[in-house]
Amino acid sequence: MTAKAKDCPSLWGFGTTKTFKIPIEHLDFKYIENCSDVKHLEKILYVLRSGEEGYYPELTEFCEKCLTNLAPKSRALRKDKPAETASSFSAEEWEKIDSDLKSWVSEIKREENTCHFHDPENHPGVEDPLPPVRGSTCCPHSGKETYSKSKTAKKRIPRDYAEWDKFDVEKECSKIDEDYKEKTVINNKAHLSKIETKIETAGLTEKEKSFLANREKGKGNEAFYSGDYEEAVMYYTRSLSALPTAIAYNNRAQAEIKLQRWSSALEDCEKALELDPGNVKALLRRATTYKHQNKLQEAVDDLRKVLQVEPDNDLAKKTLSEVERDLKNSEPVSELQTKGKRMVIEEVENSGDEGGKGSADEREDGGSDEAAMGNIQKKLMVRRSEGGRRSRRGRTPGPRAEQQGGLRETATASTGDSHYPEEPRAADNPSGLKRRGNELFRGGQFAEAAAQYSVAIAQLEPTGSANADELSILYSNRAACYLKEGNCRDCIQDCNRALELHPFSVKPLLRRAMAYETLEQYRNAYVDYKTVLQIDCGIQLASDSANRIARILTELDGSKWRERLPPIPAVPTSEPLRVWLPAAETPDQDPCPNNCMPSITDEKMFQALKEEGNQLVKDKNYKDAISKYNECLKINSKACAIYTNRALCYLKLGQFEEAKLDCEQALQIDGENVKASHRLALAQKGLENCRESGVDPSQVLLSPDSSEAARHLDTKNDTAPPSKGRERRRIQVQEVDGSSDEEPERPAEASATSAPARDGVEDGGSAEPAEKLDVSKPTNAYEFGQVLSTISARKDEEACAHLLAITAPKDLPLLLSNKLEGDTFLLLIQSLKSHLVAKDPSLVYEHLLYLSKAERFKTMLTLINKGQKEQMAQLFDGLSDTQSDGLTAEDVQALRRQYEL
């Protein structure tokens with residue numbers, strides 16, 4: 001009975017609806033009340049409204065209420081509303097609607113009549129350009145007649161067999177090519193000639209004219225972007241004929257600038273400015289036309305107007321700088337400038353005032369010295385490359401050299417002014433004259449600056465020694481002006497006078513040395529540079545110049561060039577360094593004498609600076625370390641360790657002359673200093689003084705700890721006895737220091753490679769234990785790779801574990817880079833297993849996690865053998881057995897799966 005009921009549900013149930021196949025039992029009040037399915041209720045409501053199962057108004061209304069409670073915004077609740085008719089409104093409402101419609105229709109008809117039909121009295125001659133009104137008298141078939149006439153052309157007759165015998169293929173092909181080229185040229189010209197430059201706008205409204213103008217402007221923009229500027233000009237002209245606008249004038253001006261039609265572009269820019277006086281683009285493009293028409297002052301005015309509106313306009317800034325440079329170069333040369341010869345000027349010195357306010361005017365650095373050097377270095381290199389030693393005192397730079405003189409002008413100089421400053425007045429005080437001279441010097445007007453300094457000097461000369469410092473500064477500043485102009489002899493005279501007033505002043509010495517070098521008086525220049533280095537050996541310009549002149553003198557005079565030098569004056573140790581004083585001090589304040597005891601704060605500062613310098617040496621940043629050691633020597637100039645440390649930096653940088661000076665100074669303080677003697681020998685060897693290089697290391701051998709000097713002497717004299725046993729390989733040994741109080745710590749690479757490998761032990765001898773590696777934290781991938789390769793060569797698991805302990809795990813993929821090899825990978829695993837897993841399992845887990853993210857990790861897993869996998873498994877077993885906070889067995893198991901274990 002049950003099976004039959006399932007086979008024939010219609011016998012026991014009521015069936016389903018045709019739409020949606022809903023059971024008939026669901027069309028019931030009780031089911032609809034309990035139903036919470038919105039979609040199903042919507043289907044039931046649709047069936048009830050359709051009436052396919054009968055009309056049940058109450059059930060339909062009940063279903064709507066239930067659906068409203070469940071989903072008030074359901075689309076099924078919406079009912080169709082028929083369009084409203086006149087009967088749907090009241091009489092007043094319908095009358096209002098009807099009047100609005102009638103007024104709209106009449107207004108549209110009136111506008112159509114005004115667009116197409118005009119009064120001949122008000123618009124005479126308008127009907128002529130307009131097409132005739134279409135009517136029965138028009139003949140619409142004129143185009144077809146012309147087409148039929150054009151078709152009556154002579155037909156092509158095939159060639160007969162006799163003509164084919166005389167047919168020349170190459171000749172016919174060349175004819176076809178020529179015809180194709182001619183047609184191509186003709187088509188290009190025809191394309192431009194067919195474009196009319198004027199649009200008939202008679203009878204059009206303003207809206208229609210604006211539409212036509214915008215359409216033609218868009219065509220011009222497309223032609224401009226494609227590079228066809230001629231076509232763009234024609235389309236912009238058509239747009240302007242329809243409706244003149246400032247935008248169209250601007251666009252046509254830009255296209256004409258591309259075609260280099262400066263006059264037409266200028267006219268368009270002026271018309272655009274008439275329509276829109278503050279148009280930025282018009283001003284910018286007019287400035288461009290002024291620039292190419294050599295109207296530089298007008299261009300400057302326009303560009304400044306642009307920058308007032310848009311201060312961040314990069315194009316305006318760039319163009320203004322170019323125009324101002326051209327304007328300055330086009331100025332006539334004054335009478336004062338014709339007295340000297342102009343040199344090539346690459347950049348302007350930071351300040352021409354030595355005694356001005358601020359640390360920038362009182363501190364001497366390499367940048368300002370290089371600026372004061374001018375073009376001397378380049379001239380010397382050219383002289384050496386040519387092999388000649390001819391004088392360059394009469395050379396006049398070209399136009400490009402004159403342009404380079406004004407590239408580095410400061411904001412204090414008014415570069416846009418075309419007039420020259422007025423002559424100095426005798427009534428001005430010396431400080432005002434000096435300040436004005438500094439401004440002129442910064443602006444590149446060296447002759448005018450020298451005139452200002454001369455008047456100030458004339459006012460202060462009668463006072464004598466009362467204003468010696470001020471006079472020294474003025475003479476030095478005027479010497480800088482003479483040096484810029486190439487007047488080296490006057491520069492030397494002023495520097496001599498400045499040094500008479502204030503001996504051992506750095507800037508006059510430097511400028512006199514540059515002038516001597518320009519005049520090719522290299523011995524005097526070398527003496528001045530060496531004097532500067534005695535005052536302050538941290539001036540890079542003096543150091544480089546001394547080394548360069550030493551090479552030149554070696555070429556000129558041979559190995560005995562030092563014997564021909566003038567005597568180098570000895571600088572008193574108590575001589576104050578006026579240019580290196582801090583900003584808070586004045587040149588009149590004397591620093592603390594060298595023999596006075598430093599205070600507690602000085603000792604702390606000295607130690608801090610020394611440690612910073614040692615750390616910089618460890619990081620191989622030798623230049624910054626030298627600056628730190630310079631500060632240390634200002635606090636205590638009797639510290640022998642500082643001189644030896646700085647000598648080491650100079651040796652690393654290849655500055656052997658400075659290293660030699662520091663070593664000699666250290667030996668004056670401590671005559672038995674081993675390191676100073678050894679580094680002095682290295683410096684002399686670097687200077688190729690072979691005779692002197694063999695003396696000091698032999699003296700150093702008296703010390704039992706100077707094994708490095710013994711090796712140096714052995715390599716020089718080549719007198720070491722042959723070793724017994726098998727041949728040992730030579731290892732590069734860098735300088736090793738055992739004293740932490742006197743020397744900076746060794747870099748990671750130096751310490752890693754400092755211990756030579758012992759290949760064998762002689763009979764009867766005992767093997768000495770290998771020196772423990774001093775591993776420091778690497779700062780980049782290169783240093784990490786160098787240290788790791790050294791550790792791998794020694795198979796030192798303890799050193800590798802120490803390296804991993806001081807290395808952040810997140811930095812491991814970056815430090816390894818793509819250098820993960822099989823032996824390196826195995827060494828890392830063994831080090832973690834043997835030394836770190838018991839001490840710090842969390843660190844081991846992090847290292848293993850980040851190691852799996854390194855490059856070539858997956859490749860390494862495919863290359864390791866079974867024994868290496870067992871070691872990895874032992875490491876993970878040890879990691880699982882060790883209890884640690886924050887490390888669960890699930891984490892270790894997930895990491896084990898990454899290692900395919």
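All residue numbers here begin at 1 and follow the chain in the order shown.
Backbone N, Cα and C atoms are what each Cβ position is placed from, and that goes for glycine too.
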Consult Swiss-Prot and report the residue, out of Ser391, Ser723, Ser740, annotated as phosphoserine. Ser740
Which residues of the chain, 6 or more past the ends of the repeat 'TPR 1' (213-246), have a CB below 8 A from one of its CBs? 191-192, 195-199, 201, 206, 252, 254-256, 258-259, 271-273, 275-276, 279, 282
By DSSP assignment, list the helix, strand and coil residue numbers for the repeat 'TPR 4' (430-464), in that order. 32 helix, 0 strand, 3 coil
Per-state residue totals over the repeat 'TPR 2' (247-279) - DSSP helix, strand, coil: 26 helix, 0 strand, 7 coil
